[in-house]
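Scroll down for the structure; my scribbles are underneath it.
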Amino acid sequence: MVTQLKSASEYDSALASGDKLVVVDFFATWCGPCKMIAPMIEKFAEQYSDAAFYKLDVDEVSDVAQKAEVSSMPTLIFYKGGKEVTRVVGANPAAIKQAIASNV
């Protein structure tokens, strides 16, 4: 399951998941590629239960998107121990799966 983060404090709490891989999908409701990739991210969340999956609307929580230096959507940022380990920009399922598999 992919949980939506609705505030900076929810985002900070999500990143404090210890050594667990945290995947945050930065999206926008008006973004076509974001809508296209969303079902794949849900599928990855089911496949990789050792990771925590979140999504964040860049228009609702713009301060977090700015802080994370997100300028294109979708951008998926992968965190471990609260620190970014990699990111995938664009609706690229193969790159997203590779990033998850190599960091779980």
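The backbone N, Cα and C atoms fix where each Cβ goes, glycine too.
When you go through K20, K97 in Swiss-Prot, the residue listed as ubiquitin cross-link is K97. Taking the Cβ of C31 (active site, nucleophile) as centre and 10 Å as the limit, one finds 19 other Cβ atoms among all the protein chains shown. Here C34 (active site, nucleophile) is positioned 16 angstrom away from S62 (phosphoserine), judged by their C-alpha atoms. A gap of 20 Å separates the Cα atoms of C34 (active site, nucleophile) and K67 (ubiquitin cross-link). Restricting the recorded positions C31, P33, K67, K97 to those with a CA within 10 Å of the CA of D25 (site 'Deprotonates C-terminal active site Cys') leaves an empty set.
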